[in-house]
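Sequence annotations record features per position, and here Swiss-Prot assigns signal peptide to 1-19 based on sequence analysis. Taken from Swiss-Prot, the feature domain 'WAP' covers 20-70. The disulfide bond annotation in Swiss-Prot covers Cys27-Cys57, Cys40-Cys61, Cys44-Cys56, Cys50-Cys66.
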Amino acid sequence: MKARLLLLSVVILVGMVSAENEKAGSCPDVNQPIPPLGLCRNMCESDSGCPNNEKCCKNGCGFMTCSRPR
């Protein structure tokens with residue numbers, strides 16, 4: 001029982017931390033006729049890894065990169 005309570009607490013804390021790291025706005029649409037390509041490698045893992053107000057978004061290559069929100 002204590003292990004379940006501890007696991008539940010950890011899940012809640014992780015959810016709170018990830019919600020705090022998300023920046024305002026939404027990622028650019030990569031389902032355009034000509035998607036924004038960017039570099040074909042991961043440049044970030046979450047919004048907190050991006051400078052200023054940029055968000056960590058998928059690019060046209062399928063990798064994650066910092067982008068200006070729309």
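Quick reminder: no glycine exception, Cβ is built from N, Cα and C everywhere.
Not measured: the values here are computed from a predicted model.
Overlay of Swiss-Prot feature records on the structure.
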residue	record	CB count, 10 Å
Cys27	disulfide bond	18
Cys40	disulfide bond	11
Cys44	disulfide bond	18
Cys50	disulfide bond	21
Cys56	disulfide bond	21
Cys57	disulfide bond	24
Cys61	disulfide bond	16
Cys66	disulfide bond	17
Could you break down the residues of the domain 'WAP' (20-70) into DSSP helix, strand and coil, giving a count for each?
-> 5 helix, 8 strand, 38 coil
In whole Å, how far is Cys40 (disulfide bond) from Cys66 (disulfide bond) when you measure between their Cα atoms?
-> 12
